[in-house]
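Worksheet: the structure to be examined is printed underneath.
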Amino acid sequence: MISPAWSIFLIGTKIGLFLQVAPLSVMAKSCPSVCRCDAGFIYCNDRFLTSIPTGIPEDATTLYLQNNQINNAGIPSDLKNLLKVERIYLYHNSLDEFPTNLPKYVKELHLQENNIRTITYDSLSKIPYLEELRLDDNSVSAVSIEEGAFRDSNYLRLLFLSRNHLSTIPWGLPRTIEELRLDDNRIPTISSPSLQGLTSLKRLVLDGNLLNNHGLGDKVFFNLVNLTELSLVRNSLTAAPVNLPGTNLRKLYLQDNHINRVPPNAFSYLRQLYRLDMSNNNLSNLPQGIFDDLDNITQLILRNNPWYCGCKMKWVRDWLQSLPVKVNVRGLMCQAPEKVRGMAIKDLNAELFDCKDSGIVSTIQITTAIPNTVYPAQEQWPAPVTKQPDIKNPKLTKDHQTTGSPSRKTITITVKSVTSDTIHISWKLALPMTALRLSWLKLGHSPAFGSITETIVTGERSEYLVTALEPDSPYKVCMVPMETSNLYLFDETPVCIETETAPLRMYNPTTTLNREQEKEPYKNPNLPLAAIIGGAVALVTIALLALVCWYVHRNGSLFSRNCAYSKGRRRKDDYAEAGTKKDNSILEIRETSFQMLPISNEPISKEEFVIHTIFPPNGMNLYKNNHSESSSNRSYRDSGIPDSDHSHS
């Protein structure tokens, strides 16, 4: 049996504990008025906020702040006190620097679609437990990443830097990274040290860069022993890369390049590879046995290649017919010769390969006869193709011409200044080529900052017009023979030339066509006699028509008075003539006009007379007032114009 005193003590203790815990509970469940809170998820997105609201609950785990206008000044310092926050969504805001004051234990940070330019060690060291960092669609460049910025990011597994301004792979990335996305930047080269140590990397995406075979080191991917997916889509490769890591690589994407050759050892030891895509390239044949090591291949996609179904492709037919059902091969359709065009290689008979044909496409190694060749260093703008001490460099005039070598002209380039911001580039090829890489750079600019502009032109073209240049500025133009028709060109040495645009003023045309076009408005050409006579007749005819129209308009009233009926009259004209004439006659209205018929020749008396109206046959109604006591009585037509029925002499 509990005594009353002891019961009172227990009740008081419970009340005290409740009073202490209640404020904390209320504070934990508070929510900013502009947000919505739901069990640790704070929804403040799409609210046009310029700063992160205060009063976020302490038990928050995920902050949705995307699609606002939050800038760096709008991140409060007390945000770092939210120790339970693990995910922050700040994409599509107005950040121009990597944000600070973030919660220490955040693991997932979304900063896409801002304008972030710099990444510093100070900002990353305050969030050491970060595992996923997404920086797509920002303005990050290689020089804006501080050296050693990631040295304390020992838990970082995923780094997305797609669609930025990178010209090289960032140095010093943590070894823990498993997925690295660098697509749609301007990376021309990848050296072995840049990826050295990334032994945990499983997925590497390098789509849409400026990579060619010279820009890839010999064994740049070889040490990535855990790599399972490699994507090199939309680059400038002319041959499939070699020395790929064969231990775990399962997916390889090489589509949308300029690959016209596959080295025999390109896919050696890739026994785990099950998906290979080489669509949209320039492959016409494949070396025999190229797929022998692909033990686990199940998806082989080779669409949109100019396959030449000659004798060298007969082995492919035999290989396809021996594959198990689980292997899915797409895109092996003949494009040449014409007799098998559009047919699947797998369905061809042995006789159709025509192995005795002397015109079979073959792959031959060729080297260009260019003496004293200077090979460009990596990450630098390529030097001129030859050293010729006895020949002076061309002066910076409007027109220039250069060739690959006096002994053998591989490419001959001619550049002409067309306008103050346009140059015309033309070239001649000594060898048939499938594609060339044309690039231009304003002199005085560093290639590291993305000022090089490149484009791929087909071998059939012989000229190109470059626009949107700066007036009165020097430029360097280079061309690289990427490949030749059915041949592989190992030496991709550029041929360069310097030129300058015209000053910004009234441009004086330099071409004969432009001169003729400018002079043409001031010429007095001899017109044909028939044209002169026809023009004179037309002018006289127009003048006569104008005179007739003027005369008819002037005498229109006279003509109408001579007619008994005038259908074009208006009702108010009838009223005006009928109500003002004084005559001892009867007013007859016919159609829309009238006629005064005299009754006798007697003089008009001064007595009051009444004009009796004869209604016309067209149904026009006249509303008449029967009150005739006063001379001021009036009746109104339906048009509102007064009509006097009584008049006094």
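Placed from the backbone N, Cα and C atoms, the Cβ positions cover glycine too.
Since the structure is predicted, the reported quantities are computational estimates derived from the model, not experimental observations.
Feature annotation from Swiss-Prot assigns domain 'LRRCT' to 305-357; the stated evidence is sequence analysis.
Taken from Swiss-Prot, the feature region 'Disordered' covers 385-407 (among others).
Per Swiss-Prot, region 'Disordered' is recorded for 622-649 (among others).
Annotated repeat 'LRR 1' per Swiss-Prot: 59-80, in sequence order. In this model, the repeat 'LRR 1' (59-80) carries an average pLDDT of 94.
Residues or ranges marked as repeat 'LRR 2' in Swiss-Prot (evidence: sequence analysis): 84-104. Within the same chain, residues 40, 45, 50, 58-72, 75-77, 110-120, 122-124, 126-129, 134 sit at least 6 positions outside the repeat 'LRR 2' (84-104) and bring their C-beta atoms closer than 8 Å to a C-beta of that stretch.
The repeat 'LRR 3' annotation in Swiss-Prot covers 105-126. Remote same-chain residues near the repeat 'LRR 3' (105-126) are listed as 66, 80, 83-99, 132-141, 144-146, 148-153, 155, 160 (criterion: CB distance under 8 Å, separation of at least six residues from the stretch ends).
Per Swiss-Prot, the feature repeat 'LRR 4' maps to 129-150; the stated evidence is sequence analysis.
Residues annotated as repeat 'LRR 5' in Swiss-Prot: 155-176.
Annotated repeat 'LRR 6' per Swiss-Prot: 177-197, in sequence order, evidence recorded as sequence analysis. The list of residues near the repeat 'LRR 6' (177-197) in space but at least 6 beyond its ends in sequence, with Cβ under 8 angstroms from a Cβ of it, reads 136, 156-169, 171, 203-212, 214-221, 223-224, 231, 378-379, 450, 452.
For the repeat 'LRR 7' (200-220), same-chain residues at least 6 beyond its ends with a Cβ under 8 Å from one of its own Cβ atoms are 157, 162, 175-192, 194, 226-239, 241, 243, 248, 253, 378, 437, 454, 482, 492. What Swiss-Prot records for 200-220 is repeat 'LRR 7', and it gives sequence analysis as the kind of evidence.
What Swiss-Prot lists as repeat 'LRR 8' is 226-247.
The repeat 'LRR 9' feature in Swiss-Prot is assigned to 248-269.
Annotation source Swiss-Prot lists repeat 'LRR 10' at 272-293. Residues 240, 246-264, 266, 299-308, 310, 312-313, 315-316, 319, 331, 336, 361, 363, 434-435, 483, 486 of the same chain, all 6+ positions outside the repeat 'LRR 10' (272-293), place their C-beta atoms under 8 angstroms from a C-beta of that stretch.
The annotation transmembrane segment is assigned in Swiss-Prot to 529-549 on the grounds of sequence analysis. Non-local neighbours of the transmembrane segment (529-549) in the same chain are absent; no residue 6+ outside the stretch has a CB under 8 Å from one of its CB atoms.
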Fill in the blank from the handout: DSSP tally for the domain 'LRRCT' (305-357), helix/strand/coil in that order, comes to 21 helix, 7 strand, 25 coil
Completion exercise
Long-range Cβ contacts under 8 Å made by the repeat 'LRR 9' (248-269), restricted to residues 6 or more beyond its ends, are 202, 207, 225-242, 275-284, 286-287, 289-291, 293-294, 301, 363, 434-435, 456, 482-483, 486, 488
Fill in the blank from the handout: Given the repeat 'LRR 5' (155-176), its same-chain partners at Cβ distance under 8 Å and 6+ residues beyond its ends are 107, 112, 128-142, 145, 147-149, 182-190, 193-195, 197-200, 205, 379, 447-450
Handout entry: For the repeat 'LRR 5' (155-176), residues assigned helix / strand / coil by DSSP
Key = 0 helix, 4 strand, 18 coil
